[in-house]
Amino acid sequence: ERPEENGHQSKRLKREGDEEDAEDQNKKLPKRKIVLLMAYSGKGYHGMQRNVGSSQFKTIEDDLVSALVQSGCIPENHGEDMKKMSFQRCARTDKGVSAAGQIVSLKVRLIDDILEKINNHLPSHIRILGLKRVTGGFNSKNKCDARTYSYMLPTFAFAHKDHDVQEEVYRLDKGTLERVNKLLACYKGTHNFHNFTSQKGPRDPSAKRYIMEMYCGEPFVRDNMEFAVIKVKGQSFMMHQIRKMIGLVIAIVKGYAAESIMERSWGEEKVDVPKAPGLGLVLERVHFEKYNRRFGNDGLHEPLEWTEEEEKIAVFKEQYIYPTIINTEREEKSMVNWLNTLSIHDFSSSAVGIQANNKNSKNSSDLEGSDGCGDDSD
């Protein structure tokens, strides 16, 4: 075709040619195993894990895979069949749950400015904050030694049931915080958590889980409402486990259940354990201590630590995760609504009574999300 006098057409043809050349160059690049450090706000998503062929429920991985293809990191057919790029997430976060330090492992073409190009094709509430090369056989889920989650909640959740509480003006006193921390510390060590998830019997070996630490930090005020953050670190967690661990402590502190229920819940007896809302749950970080000891200083690989990215993680949480939790709590009142269901539970009932109560207490909080993570809920 004859170029136009102003040269616009020839410029356009040249640009298209450049893009094709770049794609050809990308195809020649060898594929390398890497890990990506991800942060995202989970509101509006049906969790992390992609369900290929199900466009009805949008997941974080749908947006991630699309960005990887569009940036030229992976061929299009790898997006359709994720096994082709050896893709593995470290933890499956469920509906509405956010992450500040999720790790995924996969094979990509190491194109120039890779992080910038991937982020250009992602919405602002999903960011890739870091990248590291790893060993060829690395699997982010299997090599993970431990996960740390946080749970941000309004402190009025700990107000005693017999006190008439104004949510906006409630402030957590030192004595109540100490009691909360004493109860959370009881979870440390190995316990049988069959009552803290579904579809696990008391004699199922996989119901035993090891908790390294669990505590509630000092409260702080945001938009006139007081919040606190509970941190929990464990080897792995079953579906709903963290939300139920927190739900039971709230029930005790509010005066609905006796402290002795914690010991009972780890025994073989079926105990009715309430499940706190999914809003507020955040995958904070994942730990690779064994991998770092073996490969972190071998001269070829970097340790999987993210000290240089800490500031970017903190900024992302302030910009996207915390405001979403605070605004959603204000608008949807998920904690208030859930607290109103605690009186339905019978904390001294038998298994038969529990089944009846479960039918009565089906409410919107069941749909909020879960802390699915680790081998049993992935």
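Just so it is clear, glycine is given a Cβ too, placed from its N, Cα and C backbone atoms.
The region 'Disordered' feature in TrEMBL is assigned to 1-28 (among others).
Asp94 (active site, nucleophile) has a Cβ environment of 23 other Cβ atoms inside 10 Å. According to TrEMBL, the active site, nucleophile annotation covers Asp94.
Look at TrEMBL and you will find Tyr149 tagged as substrate binding site.
Taken from TrEMBL, the feature domain 'Pseudouridine synthase I TruA alpha/beta' covers 187-289. Averaged across the domain 'Pseudouridine synthase I TruA alpha/beta' (187-289), the predicted model reaches a pLDDT of 95.
The region 'Disordered' annotation in TrEMBL covers 356-378 (among others).
Here TrEMBL flags 356-367 as compositional bias 'Polar residues'.
For Tyr149 (substrate binding site), the number of other Cβ atoms no farther than 10 Å from its own Cβ, over all displayed protein chains, is 25. Tyr149 (substrate binding site) is 13 Å away from Asp94 (active site, nucleophile) when you measure Cα to Cα. The DSSP breakdown of the domain 'Pseudouridine synthase I TruA alpha/beta' (187-289) into helical (H, G, I), extended (E, B) and coil residues amounts to 25 helix, 33 strand, 45 coil.
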